[in-house]
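Reading through the structure tokens given below for one structure.
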Amino acid sequence: MRIATYNINGVKARLETLEAWLRRETPDVAILQEIKSVDEAFPRSVIEDLGYNLETHGQKGFNGVAILSKHPLEDVTRGLPGDDSDEQARWIEATVVGKTALRICGLYLPNGNPAPGPKYDYKLAWMQRLQARAAALLAAEEPALMAGDYNVIPQAEDARHPEDWVEDALYLPQTREAFRSIVNLGFTDAFRAGTQGAGHYSFWDYQARSWERDNGIRIDHFLLTPQCADLLQGAWIEKEARALDKPSDHVPVWVELDI
DNA sequence: ATGCCGACTAATAGTCGA
């Protein structure tokens, strides 16, 4: 089973790009972020006509996540537990029923800039809630993954110019520490399980000719529970997607699981 | 130090992203 996470930066603006990508790459499951649409306005039929089941968790204008799957989706939940007052649509879960059941969590972790400030406080608080949910997933001892736009640059090698990010919410020591605290519970960063070293990015800013200069960062990640990591057959970044017409500023990141 | 670019909502500018 091939699963991709993809921050599409607006489903309405990216619909042709998304449809062409689904036709071309035929993911079994696609985990989308920044749909920037309320559920009622999501262009469902385009997706469903390609044979996908679809679950969305949207809001007006910003954020919003979705899971697409050629297999049935069960036990769908929306919203990250731990704060009933949080109205931002950044978390969705569903179980994909295949040879083995797989719990899939799609996430759009807050950006947090400017830091320090209330937005950074929200990011760190959100990561605390994520850690609690992550611990519960591990306790279940079942195949599960958390994938999406983490807005975290884990290490210096994950940025073309790490020195440009030292005061940024994506790379501050406290951000990276919070990310490590989650990983160190027992998750596998699927991409780093198979590929080491610098030069692997999932985001290039639209500005300042970042793509042409390969000035990127790796901020879209798959974290796998041990039972899911047992099934890992490969992980890769679909860098070519950034060079196509009307690209998102992110590219798809993939895993293949023996499932 | 700021804008760069792009999408969104609202409206012909302002907000947000990373």
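Glycine too: its Cβ is placed from the backbone N, Cα and C atoms.
Under the heading domain 'Endonuclease/exonuclease/phosphatase', TrEMBL lists A:4-250.
Sequence annotations record features per position, and here TrEMBL assigns Mg(2+) binding site to A:ASN7, A:GLU34, A:ASP149, A:ASN151, A:ASP249, A:HIS250. Taking Cβ-Cβ distances under 8 Å and a sequence separation of 6 or more, the neighbours of A:ASN151 (Mg(2+) binding site) in its chain are A:LEU109, A:PRO110, A:ASN111, A:GLY112, A:LYS123, A:ALA169, A:LEU170, A:ILE219. DSSP assigns A:ASN151 (Mg(2+) binding site) to coil in the three-state reduction, outside any helix or strand.
In the three-state DSSP scheme, A:TYR108 (active site) falls into the strand class. What TrEMBL lists as active site is A:TYR108.
Residues annotated as site 'Transition state stabilizer' in TrEMBL: A:ASN151.
Following the DSSP three-state reduction, the secondary structure of A:ASP220 (site 'Important for catalytic activity') is strand. The feature site 'Important for catalytic activity' is assigned by TrEMBL to A:ASP220.
Under the heading site 'Interaction with DNA substrate', TrEMBL lists A:HIS250. Sequence-distant contacts of A:HIS250 (Mg(2+) binding site), defined by Cβ-Cβ distance under 8 angstroms and a gap of at least six in the same chain, are A:TYR6, A:ASN7, A:ILE8, A:ASN9, A:GLN33, A:ASP149, A:SER202, A:PHE203, A:ILE219, A:ASP220. The DSSP secondary structure for A:HIS250 (Mg(2+) binding site) is strand.
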For this session: Just jot down the residues in the same chain as A:GLU34 (Mg(2+) binding site), at least 6 apart in sequence, with C-beta under 8 A of its C-beta; none if empty.
Result: A:ASN7, A:ILE8, A:ASN9, A:GLY10, A:PHE62, A:ASN63, A:GLY64, A:TYR108, A:ASP149
Exercise. Do any residues at least six apart in sequence from A:ASP249 (Mg(2+) binding site), in the same chain, have a Cβ closer than 8 Å to its Cβ, and if so which, in order?
Worked result: A:ASN7, A:ASN9, A:PHE203, A:TRP204, A:ASP205, A:TYR206, A:ARG242
Exercise. Over all shown protein chains, what is the count of other CB atoms within 10 A of the CB belonging to A:TYR108 (active site)?
Worked result: 26
For this session: Determine, from DSSP, whether A:ASN7 (Mg(2+) binding site) sits in helix, strand or coil.
Result: strand
